[in-house]
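Asks: When I checked TrEMBL for this same protein, it listed these features:
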type: TRANSMEM; residues: 20-40; note: transmembrane segment
type: DOMAIN; residues: 38-326; note: domain 'FAE'
type: ACT_SITE; residues: Cys181; note: active site
type: ACT_SITE; residues: His260; note: active site
type: DOMAIN; residues: 343-425; note: domain 'Beta-ketoacyl-[acyl-carrier-protein] synthase III C-terminal'
type: ACT_SITE; residues: His346; note: active site
type: ACT_SITE; residues: His350; note: active site
type: ACT_SITE; residues: His379; note: active site
type: ACT_SITE; residues: Asn383; note: active site
Amino acid sequence: METTLLRSFSFLAAELSPIFLTNFLATTVLVIAAALYFHFRSKGIYLIDFTCYLPPDSLRVPTSNFIEHIEISGMHDRESVDFQTKVLERSGIGAESCMPITVHEIPPYSSLKATRNETETVLFTIVKDLLSKHKINPKSIDILVSNCSLFSPTPSITSMVINKFGFRSNIKSINLSGMGCSAGILSISLAKDLLKVHKNCLALVLSMEAVTPNGYGGRMKSMLLPNILFRMGGAAILLSNRKQDKRIAKYELQHLVRTHIGSDDEAYQSVFQQPDEAGHVGVSLSRALLRVATKALRSNMSELGPLVLPYSVQLRYAWSVICKKLWFLPSKKGIYVPNFKKALEHFCIHAGGRAVIDGIEDSLKLHKEDGEASRMTLHRFGNTSSSSVWYELCYLEAKGRLKKGNRVWQIAFGSGFKCNSAIWKCISDIDPTKRNAWSDCIHFYPTQNDTLN
């Protein structure tokens, strides 16, 4: 038997040329080396920690103060004041939400310097808190991504932070603007892509919106809404692709799905910055906004569903679509809405307003308690734009809701129109007693009125 095998091998070796054997062996070695490389390298994107900005109590804007302020300022006529009063009283925003100091002045004062001061106050505070908490040298940060939709100064916001904290000269920094309230997840997406390319790196992501320069003084109701909803806030998020950081990280990024339906005119114009007839510049929120958001969410879900849902749920959804197409399904019943609660334990819906939260809960067939973090964030901090989903995650931590192995779905919407989703898996035991933006008031929440309404 051995003699036969040796003869066969000798025959093959004689038939094959030395060049072929050399190429074959080289290819084999390369394949094995590549397999070992991909096996041993760190593939995960880890969220080590994050910090949300907590404004001082002196910047609070109770409803009575807000109404009195717009009446005394003389910027609005009676009809505009009454409209803003009516919307604010139904908005779900509580008395603890804050606005920057210049908005408290009469009349409100807006300038490049004042806006820069607001931006520096928010970002410098949260960056310092996050880095000092983990004893991280600023020079160890490899990637810096910031997003602020309506304030894009020169030098950029990332340059402000680099100058303040002395980041090293070869840091990869990117500043995003004009991306709306969904930019927080978009920034995570960009940081993720950079971390996939550059190994053994730390990435710092900063999300905020400047309130100072964006007050609207005209009479268009659709452009008065941002005056009422938006509040001061921001978040700093520390990401890593280093294998050793997995043991100290809170979460691991499982999936990130981005959807942009801007090719549709109605969606594109649903959140639009423009001047009114009198020349006052503001951001218009159209009546079609909720319909557009629902459409964007459906598109996003169709891509996210196969990544997270059990096969049984996916098959049921596919069957309902087939039956609908073939007219087997009664028109009143409609297509089956997948139950994402079978795959995900927690939901952080962008706190864009009470109507937005209600609409998304209805679209996803969620219970009121599933939207609790979003409603309470809206009540305590208002709409903080791109950072709102981080205040919501912070709320869940402070409440002790997050357990190791739980998965969280962050859902963000923004102008364009965009819907971005991030799925995080909790990979550590979260200590609810650790101080964060909710620590001083978490025992007051959930508020009874906002839970029921």
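For all residues, glycine too, the Cβ spot is worked out from N, Cα and C.
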Asks: Of His346, His350, His379, Asn383, which active-site residues are close to Cys181 (active site), meaning a Cα within 10 Å of its Cα?
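Replies: Within 10 Å Cα-Cα: His350, Asn383.
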Asks: Rounded to a whole angstrom, what is the C-alpha distance between His379 (active site) and His346 (active site)?
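Replies: Cα to Cα, His379 (active site) and His346 (active site) are separated by 19 Å.
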Asks: Between 0 and 100, where does the mean pLDDT of the domain 'Beta-ketoacyl-[acyl-carrier-protein] synthase III C-terminal' (343-425) sit?
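Replies: Here the mean pLDDT over the domain 'Beta-ketoacyl-[acyl-carrier-protein] synthase III C-terminal' (343-425) amounts to 95.
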Asks: For Asn383 (active site), which residues in the same chain are close in space, meaning a Cβ under 8 Å from its Cβ, but six or more apart along the sequence?
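Replies: Listed in sequence order: Ile93, Cys181, Leu229, Phe230, Arg231, Ala351, Gly352, Gly353.
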Asks: Counting by DSSP, what is the helix, strand and coil composition of the domain 'Beta-ketoacyl-[acyl-carrier-protein] synthase III C-terminal' (343-425)?
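Replies: Final tally across the stretch: 39 helix, 21 strand, 23 coil.
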Asks: Using a 10 Å cut-off, grab the number of neighbouring Cβ atoms around the Cβ of His260 (active site), all chains included.
Replies: 18
Asks: Measuring Cα to Cα, how many angstrom lie between His346 (active site) and His260 (active site)?
Replies: 24
Asks: Among all chains shown, work out which of the active-site residues His346, His350, His379 has the most CB atoms within 10 A of its CB.
Replies: His350
Asks: In Å, rounded, how far does the Cα of His260 (active site) sit from the Cα of His350 (active site)?
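Replies: Taking the Cα atoms only, His260 (active site) lies 16 Å from His350 (active site).
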Asks: When a 10 Å sphere is centred on the Cβ of Cys181 (active site), how many other Cβ atoms does it contain?
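Replies: Step by step: centre on the Cβ of Cys181 (active site), count other Cβ atoms within 10 Å, giving 28.
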